[in-house]
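*Asks:* Right, I'll just put the structure down here and ask away after.
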Amino acid sequence: MKSNDYTIASLKEKVREMNQAELIDFFEEESRSGALKVKQARVKQIAQETQAIHEYEQMLEYERRYNGKVVCGIDEVGRGPLAGPVIACAVILNDGHHYIGLNDSKQLSKHKRASLYDALTQSVTYAIGAASVEEIDKFNIYEATKLAMHRAIDKLPVKPDVLLIDAMNLNTGLIEESIIKGDAKSVSIAAASVIAKVYRDHLMEEIHEEFPYYDFNRNAGYGTKRHLDGLMQYGITAHHRKSFEPIKSMIKTEENAKTITKPS
């Protein structure tokens with residue numbers, strides 16, 4: 001049967017799994033404009049799927065350098081926010097992994113991140129490491145980030161041979177590759193980026209339930225207008241980084257020196 005044997009409404013489902021060659025054969029006798037639009041939509045989708053597969057293959061470059069070794073990707077989220085911990089994730093991908101569309105978490109929609117997070121956490125070996133607000137203020141954000149990464153590695157149930165790290169040197173004694181913009185160049189680092197991002201977002205949503213003044217459920221602790229307005233009106237919480245501006249300057253004034261412990 002050809003496309004002109006079907007109603008236009010039923011064509012979308014019919015062509016959903018067709019490849020390019022099958023489409024050409026299926027639509028060879030078609031003249032209806034609506035049906036041809038369905039064909040073009042599927043052609044475009046195939047092109048996008050092909051491109052995504054190509055990009056995924058390119059992002060396997062570093063992993064393939066260490067074929068036969070246990071490769072771990074490491075990334076962090078939360079270096080820039082005014083509140084909340086910095087979170088690191090260490091990921092060892094499963095054999096035969098195929099997470100098409102995986103990329104730097106910042107480049108993905110919230111829906112896509114959530115979908116990949118569910119798929120990854122059900123399949124890969126991973127561990128989360130955190131450095132607290134107190135540690136960030138004590139050591140600085142760079143050192144706290146390294147601390148979180150070390151903790152993630154130490155919590156892995158499998159010892160890796162190779163660490164692929166997003167722009168960081170950890171001096172673990174293992175083989176390390178520090179990759180600039182690694183979350184867009186390595187699938188292992190990208191996977192760590194996604195898991196860390198979704199994990200931290202959930203954590204900030206929980207903090208928002210306790211302290212709703214700062215819009216943490218939307219800004220993840222970053223200095224948005226609503227967050228800054230909340231700081232000016234209510235002061236700081238124990239979750240705020242006192243070494244970060246403008247909080248550092250705010251706590252020098254008597255009116256903002258008190259840390260709120262719960263909503264009023």
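Cβ coordinates come from backbone N, Cα and C, glycine included.
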*Asks:* Given that Swiss-Prot lists Asp75, Glu76 as binding divalent metal cation, which residue among Asp154, Asp161, Asp166 does it place in the same site?
*Replies:* Asp166
*Asks:* Taking the center of the Cβ atoms of Asp75, Glu76, Asp166 at the recorded divalent metal cation site, which other residues in this chain have a Cβ no more than 8 Å from that point?
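*Replies:* Surrounding the site, in chain order, are Ile74, Val77, Ala88, Cys89, Met149, Ile165, Ala167, Met168, Gly182, Asp183, Ile189, Ala192, Ser193, Ala196.
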*Asks:* Between the binding-site residues Asp75, Glu76, Asp166, where is the Cβ count within 10 Å the lowest?
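*Replies:* Sparsest of the binding-site residues Asp75, Glu76, Asp166 by Cβ contacts within 10 Å: Asp166.
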